[in-house]
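Quick paste of what Swiss-Prot says about this protein:
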BINDING   11-17, 39-41, Arg304, 330-332, 412-414  GTP binding site
BINDING   Asp12, Glu13, Gly14, Lys15, Asn37, Ala38, Gly39, His40, Thr127, Arg141, Gln223, Thr238, Arg302  IMP binding site
BINDING   Asp12, Gly39  Mg(2+) binding site
ACT_SITE  Asp12  active site, proton acceptor
ACT_SITE  His40  active site, proton donor
BINDING   Thr298, Thr299, Thr300, Gly301, Arg302, Ser303, Arg304  substrate binding site
Amino acid sequence: MFTILTGSQFGDEGKGKIVDLLSKDYDLVVRFQGGDNAGHTVVVGDDVYKLHLIPSGFLLDSRVLIGPGTVLNPEVLAEEIDMLEKTGVEVSSDKLGIDAKTSIIMPYHVELDSLRESLRKEKIGTTKKGIGFAYVDKIARDEVRMSDLVDSEILMNRLTEMAASKEAAIRELGGDPSIVTDSELMDKYVKLGQRLAPYVTDVSYEINKAISEGKNVLAEGAQGTFLDVIHGTQKFVTSSSTIAGSACANLGVGPTKVDEVLGIVKAYITRVGEGPLPTELHDEAGAHLHDVGHEFGTTTGRSRRCGWFDLPLLKKAINLNGYTSVALTKLDVLSDLDVVKVCVAYDLNGERLDYPPEDTSLLSMCKPIYDELEGWSDDLTGVKRYEDIARAAHDYVEKLEGMMGVPIKYVSVGPGREQTFEK
């Protein structure tokens with residue numbers, strides 16, 4: 001079975017938690033896009049793991065793979081491996097694989113990203129991790145690949161070839177071009193390549209072989225649907241395609257092999273950084289969602305903007321991803337609100353819209369049209385079965401499912417493994 005899992009909103013929906021829950025049933029868990037600009041949190045008992053590159057299935061028996069559609073900072077990956085091994089989690093080459101075609105984020109990518117953002121009159125909210133510039137080099141066929149990194153001679157030749165153009169680009173943006181040929185940095189990357197060499201594999205081959213043998217494969221997306229480089233809220237997006245279809249293209253798996261597409265949906269909506277968020281709240285309800293939900297970005301630590309559930313956006317996410325089911329997370333955060341609202345449509349200059357406009361500037365002008373539901377005061381964090389949640393919470397979930405037209409398969413009421421149950 002081949003399952004694709006993506007975030008349906010702007011990221012931070014709780015994908016890592018759901019992947020961790022499902023991983024026990026999957027032989028392979030694979031990351032298919034993004035870089036260390038995305039973060040996922042896995043909570044097991046008192047242990048909290050915050051990772052950016054290693055897929056969420058690392059704590060169970062699954063083999064975890066980093067696919068060629070990702071961009072990889074080898075220093076960050078080495079730090080994650082060290083962190084896990086210090087907590088007693090072995091990260092051997094039997095456990096982790098990295099595709100040979102994976103693009104490497106170099107120090108000059110990070111420098112260029114920071115310089116470009118600092119010069120923008122209107123910030124786009126980049127994490128300044130070098131993600132976009134690494135993808136630019138991939139498209140320009142000017143990248144350093146994982147297969148280059150692990151061969152010191154090829155690596156040095158590639159860096160020598162690109163030095164002049166990278167130095168010129170940094171100089172043009174007012175930076176110090178010496179970072180491109182810094183001998184200490186080059187030595188560091190040579191050593192990183194040597195360390196990571198045992199992990200190199202062919203991810204497409206591994207996945208297709210596993211599927212043909214009747215094994216289960218889970219493709220784990222990063223970020224969220226509306227950060228997609230094509231279909232997201234341009235220009236406030238990431239540099240990769242975050243929707244389900246890109247899993248097949250990036251991993252080299254034919255679309256006829258997909259069995260299930262699972263969307264992760266937060267019971268409200270959040271966004272880190274700039275860009276339109278039609279239901280954004282600046283009142284006590286917004287403060288409640290932010291504080292009770294601990295809404296701070298895993299990667300940046302920035303405060304997340306919070307708003308009510310946005311049905312028009314979710315309708316589009318369902319179309320873009322083809323969800324067969326969804327997991328609803330953070331339902332517990334809505335407890336103790338007198339009223340819970342759902343945005344069912346937008347008002348754009350007097351016109352009712354049931355679906356988001358394509359133009360980002362128009363989306364930012366949309367005013368939400370709400371349905372109001374009764375709130376609840378019950379603490380849901382100890383609930384183990386869907387049948388036992390508060391009546392008003394039950395009504396909220398049923399209303400969302402009815403409006404979405406896609407079955408809610410899982411409901412989450414807290415960060416722990418035991419706080420997610422099937423509906």
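Cβ from N, Cα, C; glycine included.
Because the structure is a prediction, the values reported are computed rather than measured.
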At a 10 A cut-off on CB-CB distances, which of the binding-site residues Gly11, Gly14, Gly301 has the highest count?
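Buried the deepest by this measure is Gly11.
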Measuring Cα to Cα, how many angstrom lie between Val413 (GTP binding site) and Ser303 (substrate binding site)?
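On Cα coordinates alone, these residues lie 21 Å apart.
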If you count other CB atoms within 10 A of each CB, which of Lys17, Thr41, Arg302, Arg304 wins among these binding-site residues?
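Result for the most crowded candidate: Lys17.
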Sequence gap of 6 or more, C-beta under 8 Å: which same-chain residues meet both conditions with respect to Gln223 (IMP binding site)?
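Sequence-distant Cβ neighbours: Gly7, Phe10, Gly11, Gly34, Asn37, Ala38, Thr238, Ser240, Thr242.
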Using a Cβ-Cβ cut-off under 8 angstroms and a sequence gap of six or more, which residues of the chain neighbour Leu331 (GTP binding site)?
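When sequence neighbours closer than 6 are ignored, Leu331 (GTP binding site) has Ala267, Leu380, Ile389, Ala393, Tyr396, Val397, Val411, Ser412, Val413 within Cβ distance under 8 Å.
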So for Val413 (GTP binding site), how many other CB atoms are inside 10 Å of its CB?
26
Quick check: in three-state DSSP terms, what is Ser303 (substrate binding site)?
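Going by the DSSP assignment, Ser303 (substrate binding site) falls within a strand, counted as strand.
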Under DSSP, is Thr41 (GTP binding site) part of a helix or a strand, or is it coil?
strand
DSSP on Gly14 (GTP binding site), three-state: which is it?
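DSSP assigns Gly14 (GTP binding site) to coil.
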Let me check the 10 A CB neighbour count of Asp12 (IMP binding site). How many other CB atoms are there?
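The answer is 29 other Cβ atoms.
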Quick one: which of these binding-site residues, Asp12, Lys17, Thr41, Thr127, have their CA within 10 A of Arg304 (substrate binding site)?
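Checking Cα-Cα distances against Arg304 (substrate binding site), the binding-site residues within 10 Å turn out to be Asp12.
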